[in-house]
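Features as listed in TrEMBL:
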{"type": "TRANSMEM", "residues": "237-261", "note": "transmembrane segment"}
{"type": "TRANSMEM", "residues": "303-329", "note": "transmembrane segment"}
{"type": "TRANSMEM", "residues": "335-355", "note": "transmembrane segment"}
{"type": "TRANSMEM", "residues": "376-396", "note": "transmembrane segment"}
{"type": "TRANSMEM", "residues": "408-431", "note": "transmembrane segment"}
{"type": "TRANSMEM", "residues": "452-485", "note": "transmembrane segment"}
{"type": "TRANSMEM", "residues": "491-519", "note": "transmembrane segment"}
{"type": "TRANSMEM", "residues": "531-550", "note": "transmembrane segment"}
{"type": "TRANSMEM", "residues": "562-595", "note": "transmembrane segment"}
Amino acid sequence: GDPLKVKVNKLTSIKTQLPYSYYSLPFCTPEKIVDSAENLGEVLRGDRIENSPYAFTMQEPQLCTVLCRIMIDAKTAKQFKEKIDDEYRVNMILDNLPLVVPIKRLDQASNTVYQLGYHIGLKGQHAGNKEEKYFIHNHLAFTVKYHRDLQTGSSRIVGFEVKPYSIKHEYEGKWSEKTRLTTCDPHMKRIVVNSNTPLEVEVNKEIIFSYDVEYQESDVKWASRWDSYLLMSDDQIHWFSIVNSLMIVLFLTGMVAMIMLRTLYRDISKYNELETQEEALEETGWKLVHGDVFRPPSNSDLLCVYVGTGVQFLGMVLVTMIFAVLGFLSPSNRGGLMTAMLLLWVSMGIFAGYASTNLYKMFKGAEWKKIAAKTAFMFPAIVFVIFFVLNALIWGQKSSGAVPFGTMFALVFLWFGISVPLVIVGGYVGFKKPAMEDPVKTNKIPRQIPEQAWYMNPIFSILIGGILPFGAVFIELFFILTSIWLNQFYYMFGFLFLVFIILLITCAEITIVLCYFQLCSEDYKWWWRSYLTSGSSALYLFLYAAFYFFTKLEITKLVSGLLYFGYMLIASYAFFVLTGTIGFYACFCFTRLIYSSLKID
């Protein structure tokens, strides 16, 4: 007998990617529309959660309850038709569970898949008529599933499903509040079970919204009520992708081990036995460039900034993943993932400042404040500009996905109020720390780099380096893109964590291998090249995003396309900074290791 509060969320469409608030269409409204408080992540996602006129009472089924009757004018008809055309769905929430439409599938063992939210309406033709008409779903048959707790006798809601119907309601006489429908009357045993007499969206006609509620007892316990939402079709493809990635890792690990053992061991033991000066002149490969290998690169300031930003990213991703794997960020906590990532990003600023100024000091730099400031502003500013432009586009479409001014202010505050000071503090500490000593002395005069073979061309080797890290993640990437753009839940954090670890290893190893080949051909400019080698996987990520856009998404609107590519550009840029930094540090440790084992007088 307890009242149940049904709330409405945004209208979503996978064709336009622009969410709208529920009451932007003339649905039945409660006496007063109350907005629920949303967290930062929810606002950024475009969630607008409001109360609804649906009145449910626990375990008291209802049949043919009339919600309201509206008359359609030309403007309203046009609004409904546009939204039906773009395949918009209505999202509702009961006890924090999203509303789903069960769809029977013939080909799968479990037979039912759940679609989030029901379509506002559909397009179709009357039999024997070619003209396309728009029909609206005006009768909703809700099913609330509950689990009875035997000890306390109380019940908990574990499922919220709906079957939408389109029906042309009829009644006798004039319409009043108490009018009984002839098409749907529980006393006459008439209930809606199909859409054989659908309701067309026409100007100057009425729409009567009605609903049924039935209650079903369920064996699903309250703690596992999210399982049916989160059960992805199968795990096999994820395991397949992980095995595939592990093969790449094993292959690369083998190569790194061979380089380390065979070449280095033999080379170093020989080099240290050389007494005569003539023999020393005949040394080959990487040992020849020992006097130049730690010469600071051109644009060393920029490298420091990018490495710092990468460290900030790495910290954020690692901590977010660990939280997600431990189950703190499940989809039932709407917007939790987004909020956590933003807060972690700003708090990781201290590591960014530390990493960038410490590297800068190693390059014999003196102006640490300049570097710290660049680290604090460069990456966020670029992202913010793209984000601002995209937000203006969404706002122009009057969508609820536009970030309101207050939230925009909160983001700027997070950036200037927390992130920037932390980067400066980290920068101060990093510069106070003594810089690492180079294992070998750098010559005064730079050595000439000999002519390189075609396959050692910087651009070629950088592009080759990005293929393997991308290959390690791209299957998981497909699931992530699907969950973002096709409005599904992503809950494979365990797999994602494995894939992320594999990505770290792959980036590190491919950079080491290519760096070694480069030093062997007496090219000592490895600083930037190590960053770009693994960072180039971001280019493949963006190309894959474009491929996904044209093959999997049915986006037709220009604004929606711009949105997609804008957000994927931000994602690729972030991926570049992350993978580049991993590659850089791997190569940095590798060169220090091999050159420190040389005995050079």
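Every residue, even glycine, has its Cβ placed from backbone N, Cα and C.
Since we're looking at a predicted model, the values are computed, not measured.
Touching of the transmembrane segment (303-329) and the transmembrane segment (452-485) is ruled out by the presence of fewer than three CB pairs under 8 A, sequence neighbours closer than 6 excluded. Sequence-distant neighbours of the transmembrane segment (452-485) (same chain, 6+ residues past either end, Cβ-Cβ under 8 Å): 14, 17, 232, 237-238, 240-241, 244-245, 248-249, 252, 492, 495-496, 499, 502-503, 506-507, 510-511, 514, 517-518, 521, 523, 529, 532-541, 544-545, 548, 552-553, 564, 579, 583.
Stretch with the most C-beta contacts under 8 angstroms to the transmembrane segment (408-431), considering only 335-355, 491-519, 531-550: 335-355.
Through the fold, the transmembrane segment (531-550) approaches residues 303, 306-307, 461-463, 465-470, 474, 477-478, 481, 507-508, 510-511, 514-515, 561, 564-565, 568-569, 571-573, 575-577, 579-584, 586 of its own chain, all at least 6 residues removed from its boundaries and within a Cβ separation under 8 Å.
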